[in-house]
Structure formats: C-alpha cells, structure tokens
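Listed in TrEMBL:
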type	residues	note
TRANSMEM	D:15-33	transmembrane segment
TRANSMEM	D:73-95	transmembrane segment
TRANSMEM	D:133-152	transmembrane segment
TRANSMEM	D:164-187	transmembrane segment
TRANSMEM	D:224-244	transmembrane segment
TRANSMEM	D:251-271	transmembrane segment
Amino acid sequence: MDIGKIWNYISKPEVVPRLFAAFLCLILAIEFFVPTTYYKDQLYPKDIPQSQIFKSSLAPYDRGGVPLIKPADIKTQYPQFEPIRGKITAYLTPLSQWLSEKTPYFGTTIVSTPGGILDEILYYTRGMDTILESLTLLISFMIFSWIYLNRERVE
Amino acid sequence: MTPEKKSGIISLIIGIIGFACIIFYSNNVLLIYLGTALFTPFMIYGIGMMVNPKTKRSEEGRIPFRGW
Amino acid sequence: MSLNIDSIAGVFYGYIPFGDIVFYFTEFSLIGFIIALFFTLVVYLTKPEKQLEFQIGDFGDKLNYVSLEELKIRRLMAIVCGICTAFAMLTGDLFDYALFLAVIGIANMGIVSAVKKEGVLSAAFYYGIIAMISTLPLFGASALILAKTGTLSILELAKNSHDLLFQKIIYAVGMVGETGIAPFYAAKAEMFRAPGAPYILMIHLSSLLIIVRTVEIMLNVH
Amino acid sequence: MDIIILNNIYHVIDAISYGLYAFLVGGLLLGFHRKIIARIQGRPGPPIIQYLIHTFKYYLKEISIPITAGNPLYIFMALMGIMVWLTALYLGVVFKTSLLILIGLYVLQKIVEHGCGLSSGSPYGKLGGVRSVFSAAAEVPLFAAVGIIYILTQSLIIKDIISYQLLNGPIIFKLPFAAFAFFILLISKAPNSPFGIVKDKSIVSGYITEHFGILESLILISDAIAWFVLLWLFIAVFIGPIVILNPLLTLIGMVILTFIISIICALTPLLTPNHSVMLQILITALVIIDLLHKSATI
C-alpha cells in the first residue's frame, strides 16, 4: 500500500464530498449510540403533535391572546428586553380571518400569518433569525437569476 | 504624478491623521498601542516612497534597460 | 469549575439585545468585527487584478479580465459575505450563528459562480455539495443542544456546565464542512484559481475568521 | 490636557520602540538561522546581520506598480503584514491578553500571503497564494492545542497561563502533543522549512514575487516581527515564567529555539504540496485525538 497514492487520491475535488459524507456518517453513527437527556423546561415549547387540531383553526401555531390587548403565551430567554412580546402574535388580516372561519386547516398553509415564514418575527423574540433565513433565500435567488440571465455570455 | 508617488502621499496622510487622532483624542492605553500598530506601516510606507529614488525609466510604465 | 467568557475571549464590554438574540462584545469579537468590516471596505475599493495565465502546449500568456457586469455581482456577494462574517463574530446565539454560516456558504458560492471557467465551477459545485451536506450537522447540533439544555444563548450556556461534548463535535463537523478546512479544503482551494483577487480573498477571510470564532464558541459552551 | 497628550506621546514612543526591538531581534535571529543552515551545508554563509541589511537595501529601492495588479489591495497587503504582527506583539507580549486573539491574528498571516500572491496578477504569485491556502491545514492543530491548554489551565489569557506555570511548572511536560503541534507551526513559519511550499524556489519567490523594492522590505519587517512573536509565544505558553520574566533569558531561549529549528530545516528536504498538507493533517489528527481524550477524562 502506497501512502502517497492515497494522499494524492483524497486531494481531488471530486473525491472530497464523498470523503466528507463518509466522515459525517461515521460521526453520526457514533453519536446515535451516545446516551443523552431531554430537558423538560424548554425555552421554545411546541405542543404535542396533533393536539391542537380541530380545537383551533390555526392548528400547530395557536398561542392564544388578542392582538394589542392580551399578550399570547410566549416564553423568552430575556423577558427584560421584550416588554411587548406576544401582543401582535395573534394578528390576522381580514382575509385570513375570513379564511380561518371557513377551514380548520388554515394554520398549515404558508399564507397564515402566525406561522410559516413569519412566525418568529411575530413572536417578537428571534427577529434576527428571520432576516437571515430570508437572506439565504434571497441570495440564492440572486445567484440563480444572474447565472440564468448571463447563460449565453462567453469569455 | 506617478501612481506610486500618489500612493505614498495618500498613505502618509492617513498615517499622520491616524497618529494625530490617537495622540489627541485617546485616553486608553490599549487603544493607543493598537492605533500605533495600525498606522505605523502607513508611515513607514509613506516615508519610504518619499525617499524613493527618481525613476530610471525613459517613460512611465516602461522597464529600464530592456527595450519593449 | 468556574468558567466565564472573560477567561477565553478577553475583557467583556457589553451587549446589544435583538430580542432573544444577544450580540455581545469582547476583545476578541470586537477585533474580529473590525477586521471583517475593514476588509469589506478594502474589497469594495479594490479593482480586480488582471491575471496572467500560462498556456499549456502553446506559446505566450493569456491575460484574464474581470468584465464589469461580472465584477458587480461578485463585489455584491463579497460585501454580503464580509458583513455576515462581521456580525457572525458578534452574535451570541448558536442557531443564529449557524444561519450566518449558511449565508456565508451561499455567498461564497455566489462569488465564484459568475466565473466562466470549467475547473473553478466544478470545484465550486463540489464545495456546494459539502456546504449543503454540512447544514445537517450544523442545525442538527444546535437542535440537540436546545433539546438537552433548553436554551440556545451562548451567554446562558457559558454560565454552568451541561456535558455537551458530543453535540459540540457535531457542531464542529458542520463548521468544518461549511468553511471547508483541512482535509476538505481541496475543493475550495481549486476555487481560488479564479481571477478577481479581492473577492476570492473574502472567501478565505470569512472561513478563517469563522473557524477562530467557532473555537471560541466551542470553548464557551460546555 | 497637556499631560494627557504628553502621556499619549510617551505611549506611542513606547509602542514604536517595542516594535523596533522585536524587528531587530527577529531580524538577527533570522540571519542566524541562515548562517547555521549555511554552516551545516558546508558554506561560509552570509553575515548574521544580512537580514537587516536586506531590509534596508530594499527599503531604498525604486518600485513600480505592475499593470496587472489590483490596487489598493496590492499595496495594502504589504502594510497589513506589519499591522497584523505589531498587533500580535502588543496584545501578546505587552498586554498578555487572550491566546485566541493571537491565533486569530496568526490566521490573518495566511490572508496576507494569499492576498499578496493573488493581487499582483502574476502566475507565480498566484501559485504561491493557492499553496498558502492549501497549507491552511497547519493552523488546525493550533486550535486543538488551544483547546487542550484551556482544559488544563481553565483560561486562555496569557497572563493566567504564565501564573499557572509559576505554580505547577512548565506546561511542555504535561501537554507534549500540544507543544509538538505548536513547534511544527514554528517550523512551518521558518524560511527553508520542509513545509515551506509557499516560498518554494520552483515558483520563483512564491507570493512575494511581484512585491519588490519597498513592499518586499515591508514584508521582511513583518516576517522578523512574526518570528519574534511566535518564539516568544512558544516560550511563554510552554516553558513558562522562569524564562519569560527575564528578558536576557528570553533572548537566550529564542536563540536556542532558532538553533534547533535551523538544524531541522537544514537537514530536511522540501515536501511536495500534497504531502506537506497531508503530513500536517496527520499531526492534526494526533492532536485532536489528544484533545478528545483530555476532554473525555475531565
């Protein structure tokens, strides 16, 4: 076995992703058997799956509360920085209000205001994440559109 | 003015402004040291460009003694 | 064990709250932040170099230019990458940091995607695959840490011990893939052969600063 | 008001003289390094002050910016080398702050190499820059070493590490792997080292091919300061207060370290890029296993 040959082989770009995937599999396979614990008092609690269904039309995302009057039930890491948290979490546009009265599955659609992309910004706790999530999409769209528009260009 | 001379003058100006700032408007020792680290190279480069010998090239952008 | 951020990253100066996500300033993160922003400025001001290339099996050299429209998109991506790197130095939240890494990874591919060279593009493709795979360990590890400790804030996690060694290993593996260090650098190093030094340099700067910052987080969270 | 300004001027002079001291010591040590290599190879070699003479000679040489260069990055990179190492000198040697910041600054040295190589547009410079990116593997053992040191001393502030060694003796005997990783780093930074693929003579001068005249002089200055800072760091972190608290002993320690490194550099061949990187990765793997072992036992 020639170690130089192995070294040269793993320095090729097309081999590197395979190598990384194998490495990742190894790590995750080891991690699978590592005992771990679950902390009950979670910071961002979720309801048990299917527990809200048919009780509320906003199904998985219903946090209660009345917009601008009664704050919703939201736990945060630093309550001192967020004096008005949960006040607008329950806000629905007139159209969504009408839709939510018609169907019990409104909360599962992406257009439902509490939930989907915008839930965290409305929970008023993790706004920075929401910006970055949309930025990721925006940048990939920009790259794609530039490449698409300039696909005919030659050097 | 050649671009080399211009870069020297610009870096000298940056260096002098930087040193003036850290001498007159600073009261933190760490900040003075870091400012010195930041602006000393500009000063070294600027002074070096001032004492740079006059070019031997016949024309700008041409290398001496080699034609072309 | 009494551990705190002061003994790792130097003097703690303060924080900016963005809701639950707190940006904090230490000596280390301030220096990283200033370097990243300063570099972004230099990259913005710099004109791309014209690269001389050997011709194999032929005489003479080929001069590579970066055309104006290519320059615009690449400069934009480099600036996005620089600003994200600068704020990734400050953020005090594991999930937010992972998101910053994802944005940096995509911006890195954007920087080279405009180059019409086969070798560079295929290297970028392989790097993209690695970056995509590595989002699994990155976000998965932050989810595991949240499940085990109930919080994502680095400041809270640094206060007392949680026995997070294996979660931290997965997080580090995700970082390794996203920045492409050591054995997985080959795909990324090929990308650096593209013309346009200042933008390419931004890829390198962001990944190096991110590695150091990840080491700081790994030491803080315990 | 005047007192503050006078105080500030005093601090500035203090800082500059520190930098000058580091440059002179580093330059002399690098000259010494060259001399020893020459003697081992059976040549008389240049005088020890040759490095400083070179620096001053290049400082007074004319430069012209190549038409292919991307400005202002081309000039800024040479300045940045000095900025990085002066900052490392002040934060490390003078203020004794966090080791992590110094590692971050060391990592910026890669940016300087890469930027110098790529911003000039020269094919040789580009090869040097790409090789510098390849050899980024040399930094990874450093991070693992930092982790090991932290597990042992519970602090990364250099002041705390020194006071820990005052109580418990030098770290080098407790953490031989971390010290070895750091030593490999010193070797890879030395001129003519087996890991010196960045300045391989087959690619002319590597990344400084197009940085001539005053720009090369700036890079030589930064290299001299870098050599001083890295040797100081090795002595401070691994050998400890016995040597570091006395400037004369520190100098003697630096000379001895330079001597050892020169002998290694003179007797080893230059590795090819792939092999150099892979050897460094093997060392990394060794140090990471040590790190995992240490953190699992605590």
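Don't overthink the numbers, they just go from 1 along the chain as shown.
Positions of Cβ are set from backbone N, Cα and C atoms, glycine also.
The shown structure was predicted, so the numbers you read here are calculated from the model rather than taken from an experiment.
Listed as Cβ neighbours of the transmembrane segment (D:15-33) (distance under 8 Å, sequence separation of 6 or more from its ends, same chain) are residues 46-52, 55, 86, 89-90, 93-94, 190-191, 220-221, 223-229, 231, 251, 254-255, 258-259, 261-262, 265. Under the criterion of 3 or more C-beta pairs below 8 Å, with sequence separation of 6 or more, the transmembrane segment (D:73-95) and the transmembrane segment (D:251-271) do not qualify as touching, having fewer than 3 such pairs. Long-range contacts of the transmembrane segment (D:224-244) within the same chain, counting only residues at least 6 positions beyond its ends with a Cβ under 8 Å from a Cβ of the stretch, are 19, 22-27, 29-30, 51, 55, 82, 85-86, 88-89, 92-93, 99, 102, 106, 109, 149, 158, 161-163, 165-166, 169-172, 175, 178-179, 182-183, 185-186, 189-190, 250, 253-254, 257-258. If one looks beyond the transmembrane segment (D:164-187) by at least 6 residues along the same chain, the residues whose Cβ comes under 8 Å of a Cβ in the stretch are 106, 138-139, 141-142, 144-145, 148-149, 152-153, 155, 193-195, 230-231, 233-234, 237-242, 257, 261, 264-265, 280, 283-284, 286-287, 290.
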